[in-house]
Amino acid sequence: MDLALVIAAFGIGIIVGLTGMGGGALMSPVLVLFFNVPPLTAVSSDLLASAVMKPVGSVVHLRRRTVDLRIVGWLCIGSVPTAFAGVFVMRALGDGEALQHAIKTALGVALLITVVGLVVRAYLSLRERALVRDHPELAKPALTGRVPLRPLPTVVLGAIGGLIVGMTSVGSGSIIIIGLMALYPALKAKQLVGTDLVQAVPLVAAAALGHALYGDLDMAVTLPLLIGSVPGAWLGARLSTTLPGSVVRRALAVVLLASALKMLGAGNVLTLSAVVGALVLGPLVWMLVRRAHGFPARPRRVRGTTATGDGSDGRSDGGTGAGPAGGPDDESTAGESTGVSAAAPPQGGEDEPAVQGQTTA
């Protein structure tokens, strides 16, 4: 057994536990770029590892009634068959080197989409907080009934997400949750995350089954992933009550950008330039965006928490592959939804402050 692979999987598991994201988006690139695992094997092994972790987090959300099973059903109508079909699509693109190159390229594109999705989700969250601050009447009320369903768009969203996941293992959370935010704005963060996580279980299982039928699974790779990632995600979930997940999320976005460029064949100079640009210009641009929406350029920290000055209260709204619904300055965590976090201490509810103390405006 490759001890280095177990250690890498353990580290990725911690990131997933801390932030609720980075599973498929980080595991496959690490396998390809650092362990020279063929892209097809990396995707299939990552999918199987995710299929083992996600159900536990789903049970947590089901018990807390933060899942809209109607939306899950319509998503699965689109996602399950296309996730299975995604494997066949990749096979149809060629054999041998041609297939591996196609998967590597698809991974790079999916990672770029994920990075864009992270930025878009952060901005939408910031804009929503600004609207609620200026117009309190626009605050989302507690749902007393079911949100109106939009079956056809939901099926289409599931189909697109399923196809991408089947081909690359990336997107079961990051891509689909963006669509859910657009289709069902009345859903609160925990309901978005819970619904997304539960629908990802059959989605990932279908994709993993497709790869298994083709014999793509390599247990010499998959077993170390499971041994390392499951306890790592559990530990990350425990640490998520004390460590700021926002810093990890920002770093993760930069890592995903670099991984995407390398997957697409970018040279070292271009990749390094993009990383430096993201590290230097990214925070400056975000400060300007915050100021434009009437928030302090930098959030204030109080007793280990972040006082964003924007009405966020450190709520825990994360989820595997989905990431937190809050913006990058929220000290929210994803402990409850990583797929192995049932043992983590309860987080603050939708209307409760985070465990680490109060935030002040």
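Placed from the backbone N, Cα and C atoms, the Cβ positions cover glycine too.
All TrEMBL annotations are machine predictions without curation.
Annotated features in TrEMBL:
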- 71-93: transmembrane segment (TRANSMEM)
- 105-124: transmembrane segment (TRANSMEM)
- 155-184: transmembrane segment (TRANSMEM)
- 196-214: transmembrane segment (TRANSMEM)
- 220-240: transmembrane segment (TRANSMEM)
- 270-289: transmembrane segment (TRANSMEM)
- 299-361: region 'Disordered' (REGION)
- 317-326: compositional bias 'Gly residues' (COMPBIAS)
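Counting C-beta pairs under 8 angstroms (sequence separation of 6 or more), the transmembrane segment (155-184) reaches the transmembrane segment (71-93) with 3 or more such pairs. Contact between the transmembrane segment (71-93) and the transmembrane segment (220-240) is not supported, since fewer than 3 Cβ pairs fall under 8 Å when only residues 6 or more apart in sequence are counted. Here the transmembrane segment (105-124) has long-range neighbours at 21, 25, 28-29, 32, 39, 43, 90, 164, 167-168, 170-171, 174-175, 177-178, 181, 249, 253, 256-257, 259-264, 286, 289, 323, 325, 327-328, meaning same-chain residues at least 6 beyond its ends whose C-beta is under 8 angstroms from one of its own.
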